[in-house]
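This report concerns only the one structure given below.
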Amino acid sequence: MNKKVNVNKVVVAYSGGLDTSVIIPWLKENYDCEVIAFVADVGQGAEELEGIEAKAIASGASECYVADLKEEMVSEYIFPTLKTGALYEGKYLLGTSMARPIIAKAQVEVARNVGADALCHGCTGKGNDQIRFEGAFAALAPDLHVIAPWREWDLVSREECLDYLAERNIPCTASLTKIYSRDANAWHISTEGGVLEDTWNEPNEDCWAWTVDPEQAPNESETVSIKVEKGAVVAVDGKAMTPYEVVVYLNEKGIKHGVGRIDIVENRLVGMKSRGCYETPGGTIINEALRAVEQLVLDKASFEFREELGIKASHLVYDGRWFTPLCKSILAATEELAQDVNGDVVIKLYKGQATVTQKRSDNSLYSEEFATFGADEVYDQSHAEGFIRLYSLSSRIRALNSK
């Protein structure tokens, strides 16, 4: 294949999987350049990272850098997004989407440090990730070339990729038996492909990688006590934790009880729809806790505004627009709204459900004295009449004019 640009040194986002194992020798052959592998540890698991540096070198990389991004990802990307209440298309807690900007940012930093003049990713031309990576690259390193092999090469199947490596005597642990495409980090794991490609097929047990089947979960419920300060979880079950520690702890609880499963068909940015089974056990529990405290402390107008910001934020994050003025502004607005989101929540975990059973806050606007259905001495119900007449005045005038 002809070179599109002259490249001397490229940093490739490397996962150790089949695609990126092929990309390293392919880059050397087609761009005649030095290839440096960059691995982002975002909590995908020790098994995924074991021996990954040696694997990258064996594939032809001159160096391999591994960056531990777990704590930063949760504290600087996931927790701020949670404050917006973002749920893409009403269900998805954006597990893959939120990991991409920090990976791209760290990849750019490595490129700067080693003097690279190009960046490379292994995203396909059908998905959202190519846009997320390249959108971040454009915002952070517009001077660097971007190489997207899946949009250039003529390899079209796993079999061809395996043959490519075998012809070059490059070791690879991948096989043809892989049916599902999975992406995991500390926050979630996604499963796509296989039986899920037909929306009339019910997900089978292979579609769920982490969580216990809710029907097989313990028959005894379990409660967790969560402390929230300024819209972020700071302690669980009486123990102070970092954001990443919170996620790890609540993942363990949620996995055990089958919490956090969704099976959705979503609108990709590239125009097509895709189906996936997503598991976000700890994140589901955290989200329930934050929304419960918001119910107590946000007034009607603030709550409505936060909901609007959450919808917009979900699309910005999903669409790879993290490094934009609008996303920065929304995060700043929800950070301000979160200043009073302080409180304690108790959540019961039982067979796939995370149910808030108790909540309290020193900033609560809820008043039992005002809200009671019994007798009270603080609320004069006759005052409502004047308010209703003014509130409905425009409707009254419109009706009178139509006669």
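Just so you know, glycine gets a Cβ as well, placed from its N, Cα and C.
DSSP assigns Ser15 (ATP binding site) to coil in the three-state reduction, outside any helix or strand. The ATP binding site annotation in Swiss-Prot covers Ala13, Tyr14, Ser15, Gly16, Gly17, Leu18, Asp19, Thr20, Ser21, Ala40, Gly122 and is backed by sequence analysis.
Taken from Swiss-Prot, the feature L-citrulline binding site applies to Tyr92, Ser97, Asn128, Arg132, Ser181, Ser190, Glu266, Tyr278, supported by sequence analysis. DSSP assigns Arg132 (L-citrulline binding site) to a helical segment in the three-state reduction.
Long-range neighbours of Asp129 (L-aspartate binding site) (same chain, six or more residues apart, CB within less than 8 Å of its CB): Thr96, Arg100, His121, Cys123. Sequence annotations record features per position, and here Swiss-Prot assigns L-aspartate binding site to Thr124, Asn128, Asp129 based on sequence analysis.
For Gly122 (ATP binding site) paired with Tyr92 (L-citrulline binding site), the C-alpha to C-alpha distance reads 23 Å.
Of all the binding-site residues listed here (Tyr92, Arg132, Ser181, Ser190), Arg132 has the Cα closest to the Cα of Ala13 (ATP binding site). Under the three-state DSSP scheme, Thr124 (L-aspartate binding site) falls in the coil class. In this structure the alpha carbons, written CA, of Thr124 (L-aspartate binding site) and Ser21 (ATP binding site) are 15 Å apart. Here the binding-site residues are Ser21, Thr124, Asn128, and the one with the most other Cβ atoms within 10 Å of its Cβ is Ser21.
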